[in-house]
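Please read through the structure below; I'll follow up with questions.
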Amino acid sequence: MKGSHLFLCLFSMSWLNLMLTAGHKIFHFGPCRISMSVTEIRSGFTAIKANIQARDPIKTLSILSYPHSLHKVKSSDRCCIIHRLFNFYVDKVFKHCKTEDSYINRKISSIANSFLSVKRKLGQCHEQNKCQCGQGSAEKFQQILANYEGLNVTSAAIKSLGELDILLDWMEKSH
């Protein structure tokens, strides 16, 4: 019996070590703990960032940075806001980010697949009622949605994708 516990412990530590060396980090969003590879997402985004941001016709507006959209999010609201943001990116942003460049489209698709995987994990945590959505997270998300919906669909999607580094930086600082 002791041998099986030792094996399970060693296996778990090996698996965790493999994930961490593959660029995976465990993020704590309130009660939700999600494993994801920000390095992989950043790498894909860095490869297309200049191209995507050059396509953004409105440089004076920000969707994620508009006065304090992601600033000062309470730790109790992080789970809810990140769940909503991943749904937002998968359901709205990535669907409208198509270019004539197949390389860019493949990178966008790769990032979208990573987001979809995390969205599922966050959804499971959210469904287990571990995520409590307070008024603060609702207001912040509504501000982001209002910023997005104030633009035409394509411009809003391109701008949101171009601001992906803002979201990733926020996630890592919240980590």
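For all residues, glycine too, the Cβ spot is worked out from N, Cα and C.
The annotation disulfide bond is assigned in TrEMBL to Cys32-Cys125, Cys79-Cys131, Cys80-Cys133. Taken from TrEMBL, the feature signal peptide covers 1-23.
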Fill in the CA-CA distance, Cys32 (disulfide bond) to Cys131 (disulfide bond), as an integer in Å.
7
Give me the CA-CA distance between Cys133 (disulfide bond) and Cys125 (disulfide bond), in Å, as a whole number.
13
Counting other CB atoms within 10 A of each CB, which of the disulfide-bonded residues Cys32, Cys80, Cys131, Cys133 comes out lowest?
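Among the disulfide-bonded residues Cys32, Cys80, Cys131, Cys133, the sparsest Cβ neighbourhood within 10 Å belongs to Cys133.
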Quick one: of Cys79, Cys125, which of the disulfide-bonded residues has the smallest count of other CB atoms within 10 A?
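Comparing Cβ neighbour counts within 10 Å for the disulfide-bonded residues Cys79, Cys125 gives Cys125.
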From the Cα of Cys125 (disulfide bond) across to the Cα of Cys79 (disulfide bond), what is the distance in angstrom?
9
Tell me the Cα distance separating Cys80 (disulfide bond) from Cys125 (disulfide bond), rounded to the nearest angstrom.
10
